[in-house]
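Per Swiss-Prot, the features are as follows:
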| type | residues | note |
| --- | --- | --- |
| COMPBIAS | 1-11 | compositional bias 'Polar residues' |
| COMPBIAS | 20-51 | compositional bias 'Low complexity' |
| COMPBIAS | 501-511 | compositional bias 'Pro residues' |
| COMPBIAS | 523-532 | compositional bias 'Polar residues' |
| COMPBIAS | 533-549 | compositional bias 'Low complexity' |
| DOMAIN | 67-145 | domain 'RRM 1' |
| DOMAIN | 155-232 | domain 'RRM 2' |
| DOMAIN | 248-325 | domain 'RRM 3' |
| DOMAIN | 351-428 | domain 'RRM 4' |
| DOMAIN | 563-644 | domain 'PABC' |
| REGION | 1-61 | region 'Disordered' |
| REGION | 473-563 | region 'Disordered' |
Amino acid sequence: MSAAETNQVQESLEKLNLDSSSSPAAGGATTATTTNNAESSDATSSSVPADSAEEQGESSGIAENSASLYVGELNPSVNEATLFEIFSPIGQVASIRVCRDAVSKKSLGYAYVNYHKLEDGEKAIEELNYTPVEGRPCRIMWSQRDPSARRSGDGNIFIKNLHPAIDNKALHDTFSAFGKILSVKVATDDLGQSKCFGFVHYETEEAAQAAIESVNGMLLNDREVYVGKHVSKKDRESKLEEMKANYTNIYVKNIDLAYTEKEFEELFAPFGKITSIYLEKDAEGKSKGFGFVNFEEHEAAAKAVEELNDKEINGQKIYVGRAQKKRERTEELKKQYEAVRLEKLSKYQGVNLFVKNLDEQIDSEKLEEEFKPFGTITSSKVMVDDAGKSKGFGFVCFSTPEEATKAITEMNQRMVNGKPLYVALAQRKDVRRSQLEQQIQARNQMRMQNAAAAGGLPGQFMPPMFYGQQGFFPPNGRGNAPFPGPNPQMMMRGRGQPFPEQWPRPGPNGQPVPVYGMPPQFQDFNGQNMRPQQQQQQQQQQQQQQQQQRGYYPNRPAGGNVPAKDLAALIANAPLEAQKRILGEELYQRIVATGKAQEPEAAGKITGMMLGLENQEILDLLDDEELFNNHFEEALNAFEEYKNSEGANAATGAPAPSEEA
């Protein structure tokens, strides 16, 4: 299209959209945007082949002086301008609306086109139906506003065992000889490949009956097709139990691969008259080891199942049972799995313990020895990785809940191999995460409500003093003088990489350059001779005492990010007043490492909010990356809302909320 033609199309569409609110299909299109994509290809879930309730939305029917058309099977990239180019040559278009998802605004794959004249609508169906639109043949039919008419099965037939090459147009051409067709649809998968079944909806019941009588059992593209009256999913499910009780079709598997179809039939012939038999084969004509046998009477099928199931034939036990559809079989397997899962949960409820922070030297046998004094242990296991190395946690299962409770009371926080154990009742990961998220969310909401009432966010966490390290610049906490030189975040090393300690380097005049955060006595360095060993030891002791006063411990790796299992031990050995600072340092560095809270104020505020949790909850956050990210995002959003409200108050001249929580 030229630029002038494109502008002309856009102007025409804008003019149409001005009147779209009064057009017959406008209301339907608007309502349809709130629905899910209705182009469902599930034959068993649609009472009509192509114009299901979801697919049609609330579009209007044919008005007295206008025609509303449904256009389906559209490529998601098709928009109103594309459809206008195709439908406008037929006649004057009243409105066009591509139905979109209310949230994502993505096309649902169908649209409504309204003409001013009924004749134009009829002409569009005749000339444009199955016309390729951006690589996909579109499907056009009259829009039906009445949902009862859409869901009616009158005139609706079902066709199965279609050749994959048969599409909507081919099916329409085949069945149009028996009467006026309202809609045709061949079911397809997500890739657009035929599922080998489809539907044809006639205007009258007589035309549908004529098609069933004429085409059922005929060959279409060398395939014998089945044609019958469409039965809705609801009606089929209501008759399912009756079908189970009177089945005639049986499924056989684990058949000897050398078995021929003739031998297969001879195996089942003694039980009654067989109407059809099928042995599945591969592309080379070799048996796949399973097949189906359909008897004329239910009694014959039941007798074959009773006598041949688990019977050994040619050294193999065959399975013989009632043939099931995939959906029914899947549902039964889900029920069996759920029953086993619930039984397992009830069996181990209150007796299975989760133990973490285990030393790497503790294996399953050692774990059982530690817990043996508290009762009878039915099983114990330390979880290991692919290399056989302990993951630092395991499970111990007792015979009674009383024994498990006693073990929790005695062993939780007990030091084993220099580490405090965490012992609690075992929970599924999804349940544990859900509970923890609910607890943290509730506390965050309470903290934010209290902060709002007090006029500000929770107190800011002041980042720790960073001791002199090569190539490292500390982040500027609020209230500190800006640190000169490169951006601190640009200079930060990777997580968990310690920095070698460094003495102050001499300045231009031979005087030592002060190192940020280093005690003054360590800065008296002439750059030539080290101090005597005794004086160095004394200074190291002084430095260690100052570090401990600030909540810093020498057994903690430089650079932070202590593994969670070691951090728990560090917390247990630290004074009560220093525990929050240790956790705060870990949280602060983790928050800065995300790259989303580069401002020191933001990192400090978010750290302060997350420090309001219990120590164990903070350890869980640091141990679970996904859980940490979820709660970090919540805190970040809360901080941004606070900053936005503060900015709005400043713009309007209103006093900003106090930051002193």
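From the backbone N, Cα and C atoms, a Cβ is placed for every residue, glycine too.
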Best-contacting stretch, by C-beta pairs under 8 Å, relative to the domain 'RRM 2' (155-232) and drawn from 67-145, 351-428, 563-644: 67-145
Counts of helix, strand and coil residues, the domain 'RRM 2' (155-232), according to DSSP: 22 helix, 30 strand, 26 coil
Residues of the domain 'RRM 4' (351-428) by DSSP state, where helix covers H, G and I: 22 helix, 30 strand, 26 coil
Overall pLDDT of the domain 'RRM 3' (248-325), taken as the mean: 90
Helix, strand and coil totals (DSSP H, G, I; E, B; other) for the domain 'PABC' (563-644): 68 helix, 0 strand, 14 coil
